[in-house]
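Single-structure report; data block below.
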Amino acid sequence: MICENCKERPASVILTQESSGGLMERHLCEKCAFQSQTFQFDPNQEPLSIQQFLSHWFGGADPFQAPQQNRGAANHGPECSSCGLTFSKFLDIGKFGCATCYETFKVQLPSVLGKLHNGHSVHVGKIPISFNEIYSVKKKIEELRVKMKDAVDSERFEEAAVLRDEANALKAGLDNGGDVSDVD
Amino acid sequence: MEVTYLMSIEKFMRSAVTGWMVPHGEDSDIVMSTRIRLARNLTGIYFPIAFTEEDAMTVDKAVSGVLLDSAETGYSYMKMADLPVLERQVLVEKHLISPGLANPDRYGAVILSDDETISVMVNEEDHIRIQCICPGLQLEDAYKHADLVDDQLEKELAYAFDEDFGYLTSCPSNTGTGMRASVMMHLPALTMTKQINRIVPAITRLGLVVRGSYGEGSEALGNIYQISNQTTLGKTEKEILTDLKNITVRLIAHERKSREILLSKSRVALENKLFRSLGTILYARLLQTGEAARCLSDVRLGIDLGIIEDINMSILNELMIFMQPGFLQQYADAELTQEERDTLRAKLFRERLHAESTSNSIGKSEDV
């Protein structure tokens, strides 16, 4: 079946909407479903899809029951300032729209990720080399500032000035090198 | 309908065979292949579910720019929208791209290394999916290879990465390492003795998933199972690989034990089953996918146990891929009905296996 909205891509999502004439089913592709206002998946479509898994744990409707009732609450929760995805919609489609979504849903995510990853929500694996460099420079600046404070406290002002210059030089390097604005 | 064949079977088979199908190393009778997939996204561009065609082109240009310019490895670039349906299907059947990428509305493309070990899928569910597929059980090596490509891309491109969540992916099930490691295993004795039904739930509890080899939700066609990690957070890549390897090694031991028991307890019944399957693939005039897969599994087991001789294992691996609808139709260079496919499948099995058993040298020279 072809998506009712774009009439190009295959429909993979069944969306149930309440209208004046009662419940209406719309067959959409993933992409159009993402862009639509409110929707609900057909619970019988893919018994163990990630969408149903998420909405079963966190979302309003029980995916193992017939689609019905309240999707009025569909726009609860934070909304991504970049792509516009709301948290409840994220639970429905089971996908993020962009990297900023992770920042937007930072508070809610540990419990969602924990359910999917055996209770874990923190990455402990590979770190991109470039990120690693930035990260270690940030750490170094922090260390220098602690030392600087020590030096000031014990009135070793010359040493403190050297440390301050060192930290500022590193920070300037970071500022020129990329979007590391949160050093301060 | 009489189909005119454009190429000799052997020539076509050569084009169908790819690195992971040639048995390699210890336990390659049970572990057929190893696959690593890394999901990555570029920072500052919406994920494919939400992005525009323009974004897609930006990603495509960035990724192909890095890889196609690299002098060390030869890569070729294929845009999905430019490939005929059958060619896309063949890439899926060779396990070189995902079914999701073959869907042409995604602006997807694949950058394939000349030896077909590395395929970098562009604009699938994520901007970048690096896949490395190797024969036998080679989790560390396959990861190393994929990791190198990842480093190469990362040197030039800015990835979406977060200190807490790791690599940011479109689906929360990939967040973190973005890595899916999987092994494809032939487990006929565990299946025959129904032990697999006990084992699958136990494996699931360890954070791993078991599937049929033909992707999600499918039954285990030809007793081939795919075992992969479920979780991508809270464990390093190395830990994930070690866990998967430990389970794989235990499954191999279980399978071997079950084979011994089958042999000692019901040798005649087992031989009867395996030789009947050999007869079927040597002489049948119509072969459906399910039956062909079942018979290939039996013959493979027969070879492993020394019951069946004079059949080259890599030919069986080729046939396993070759019997799929996309390949058959590409060989015929036409769309075929199911009956036509079943006829062609049977014909190819006969010719390939008879050619093999009458002149073993042909099959062996191709292994190199």
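Just so it is clear, glycine is given a Cβ too, placed from its N, Cα and C backbone atoms.
In TrEMBL this protein carries:
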| type | residues | note |
| --- | --- | --- |
| BINDING | B:33-37, B:His95, B:Arg129, B:180-184, B:211-216 | ATP binding site |
| DOMAIN | B:30-258 | domain 'Phosphagen kinase C-terminal' |
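Long-range C-beta contacts of B:Ser182 (ATP binding site), restricted to its own chain and to partners at least six residues apart, with a cutoff below 8 Å, comprise B:Thr34, B:Arg35, B:Arg37, B:Gln226, B:Ile227, B:Ser228, B:Asn229, B:Leu244. Taking all protein chains in view, 19 other C-beta atoms sit within 10 angstroms of the C-beta of B:Arg211 (ATP binding site).
For B:Arg129 (ATP binding site), the count of additional Cβ atoms within 10 Å of its Cβ stands at 27 [all protein chains shown].
Proximity of B:Ser33 (ATP binding site) to non-local residues of its own chain (separation of 6 or more, Cβ distance below 8 Å) is seen for B:Trp20, B:Met21, B:His95, B:Ile133, B:Cys134, B:Pro135, B:Gly136, B:Val183, B:Met184, given in sequence order.
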